[in-house]
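Shown next, in structure tokens, is the structure this report addresses.
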């Protein structure tokens, strides 16, 4: 995927100005406010050991999950990184004309919104952005006291053959590989550096009298699948299998199956057609290696949180910005309206409240914003559109049983076990439909949308989708 890191990598921005929408309130450690460690993991799908994928080696995430509330049905609002992050961090829904793709910016698409880090900053928190939080490093820059990103080529290759081929730092078109197995230490790749920066921040923040909102944006398992050799060695290629859903049913609209251009851009990937089985398995192997690599880096930060004595007063939120296809429906990457792209990991640890519980309640990423505000006693801005899931953390039932996600023309309503998608034009008129019942078809292989016996249900879901996608969904943003 193309990157828009238009500022020099490694840029450190220290800013003190803030939006004048709200009066700043000072909070000090004397009042014992809760800190927040906010961990974003790029392209992490919920194929993890604590989600039941026993073949994945993720001991540090497993430990965090055992101390947290684990959300089994958490959905991103947009399955592409820039838009998903901008939506989550502003707490606002995507519309027909907002949060469209990876280039989306919070400060451009939702300039009226008070972002999550800005809310914490305005209430006296030290706010730090490390690594990839927003897609664009300078997005919403006034919300942070410090913005840091590691220096170097964004593809971060270590093998000379890949470095030479990757002539353009921002384009996979340089011809380099979609994966790399290099015998290097963890700090050779960006996530090792990001972890070290987070550890240093925690050691410094321990001495501060101010509470903190520390955001850690880890880069893997995003393409290219580059990880130190020892993490590749955790998995036996011979034991890796293609997904059960390695098929594209004819009943499903062709619109649902894009050509996954993000992966096709790499030099060792065919430009069209199905991938050869051995290449598909090598990609899956690389993804798994990256998951284990980033797990180890996150573990270092969580260990530092404990060692500094901050863990008992720090909320930890870990989320993947969307799902990812590893050959599911013969698809790769995100950018689609299937469960595999819309469902993403969400784990929330609240000291004294969570201890390995699990929830099957449906949540959306925009629900994270109001929840963190309520947990820390901050007022939720009027611009935030999500619903707090604090009742779930408190052991209560959640009334909400739906989520809405969107990618370009495709808009999906998840309601209980039903998974309904429409592709619409600018007037909101559907031109393709897709309906799955996860109770009987969790693999999404039998599209019910065009079957006569389901037409009444389709009408009901179409109406409900329009009620829930937001009143401004079709409005052109003229700002």
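The first residue you see is number 1, and the count goes up from there.
Each Cβ is built from the backbone N, Cα and C atoms, and glycine gets one as well.
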Revision key, fill the gap. Cross-ref Swiss-Prot: Ca(2+) site 42, 43, 321, 322; candidate in list 81, 290 matching that site is 81
Revision key, fill the gap. With the fewest other Cβ atoms within 10 Å, the residue among the recorded positions 135, 322 is 135
Study note, to complete from the structure: Given the Ca(2+) site 42, 43, 81, 321, 322, its other Cβ neighbours within 8 Å of the Cβ centroid, in chain order, are 40, 41, 44, 80, 84, 85, 222, 320, 324, 334, 344
Check your understanding: Do you know offhand how many angstrom separate residue 322 (Ca(2+) binding site) and residue 135 (active site) by C-alpha?
Key -> 13
Exercise for review: Measuring Cα to Cα, tell me the gap between residue 135 (active site) and residue 81 (Ca(2+) binding site) in whole angstrom.
Suggested key: 7
Review point. Within 10 Å of the Cβ of residue 321 (Ca(2+) binding site), how many other Cβ atoms can be counted across all chains shown?
Key: 30
Revision key, fill the gap. All chains considered, the count of other Cβ atoms within 10 Å of the Cβ of residue 42 (Ca(2+) binding site) is 23
